[in-house]
């Protein structure tokens, strides 16, 4: 069969043929998509990665041997066809196909391979479990939508490299076998055979190495980097994922953000033909949380959070009053047109709120000139009017409220806001709302560990005005919690697609931050000693950013999960149904690396 290909060379991809090819003799290679027999005339749709074209075997125009060969064809047979391109007869055109005005009259047929019966059809919108799709990923990837996703991924790679190389960046690969460090998700560990008892870690990001490349004087680095995190998975997470990673010397936050905006603008124009306006809007972390309940707000719709805590201190409704007077937060959302929600739908919203930590949800419905609610009996007439004024309430609105600790109130209303927007079809999926979230806190308090933790990572620089207060903060976590960082996150339609910061570039400040994070001098030296040492040899000011490539691709393609833009993803349990990974290994292999495995019977 392979010998046949020596004389049979493809002229065109199926999807590239058009009316300019009418009259041409062409050679095509691909897979049989469908076979139809209409009155003895055999029609096949031949498919390759660029599309589909109709091939006709008409017994009145070809020999018996060729016709009988064509009759044997079934779905997913691999074939070569030589024939001439014709315009389809009037009335038989297919406007749904890119090649729907033409067909190829088959004159030669090579059957290069046959196929078993398929576990699912090779078409879009199939109703089959993701588990089955991933088990037969080689078939799933034949589907046109999946091929488009993988090709688009390649085009994004190319555009990223073009832009960054054109802006003075050098592509450098950093190690995949590195050292386990604290302050992050769990590491994937790799045992060393030569240094028994010791382990490499797969990198969660190239963070330390890219900073060291700045110390090395390369000034502008980038890498399309594989990263690994052993964490619980969800729709937008994978144990291994890809970042567009970059770092720059002698830069400010504005420099990095401007470069990142231009990169996104270039990629969207080059790959999708979409014009993105820059600069992007900027919003402080505090404003994002206060208005939208999240540090990655979706700005395609309103439903902003409204603070009624001061009013809640005055009313006799105990739930509001107790929370407001104990330092909590009472906030609401005005759902315009929400009065049409039934009591059952309001109860469903309450149950949804409870999933995220709410104890309940108060509501007020304004309908036909009346306000109805179980809580209004606790409000005076003046307090009711003040509430309606604060909430900008009009007839036809539904007001919902959460009263709890500050972080819970924001979190719950943030999720409710998104849920309501989806339920009421308020989201314009054609819009691209880019946003920078800036002025993040440098630290947050971990209640479980009873210590400060870094919001981003421990190498993020504090704002200049906070650097002089580092010593003071060592004895006062409250002071440290007021520090702002030189960090920035890029958000698109409510998804964080990238983030970075200006880094700490002096050993003194880095050591102070480690102290605030309760990382001892010994631990810092053991885990990060090579970085602190490097910073002491004239490290330039530097900063950078990493984009989540898989997430950007999911947004570009409208995919519900990043698994649809990765060729060979894992399931939500971290399993590869195609290969069966992870799997047990032999006792011999374990012995070579000095490991004994104890498996929990449960």
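Glycine is treated like the rest: Cβ placed from N, Cα and C.
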Per Swiss-Prot, the range holding region 'Aspartate', considering 207-210, 211-214, 215-218, 219-222: 207-210
Candidate sharing the ATP site with 229, 230, 231, 238, 548, 549, 550, 551 (per Swiss-Prot), from 286, 287, 496, 598: 496
Candidate with the highest Cβ count within 10 Å, taken from the binding-site residues 231, 496: 496
The region 'Aspartate' (207-210) - residue tally per DSSP class, helix then strand then coil: 4 helix, 0 strand, 0 coil
Nearest of the recorded positions (91, 229, 231, 551) to residue 38 (site 'Important for tRNA non-discrimination'), judged by Cα-Cα distance: 91
Top Cα neighbour of residue 549 (ATP binding site) in the set of binding-site residues 229, 456, 503: 229
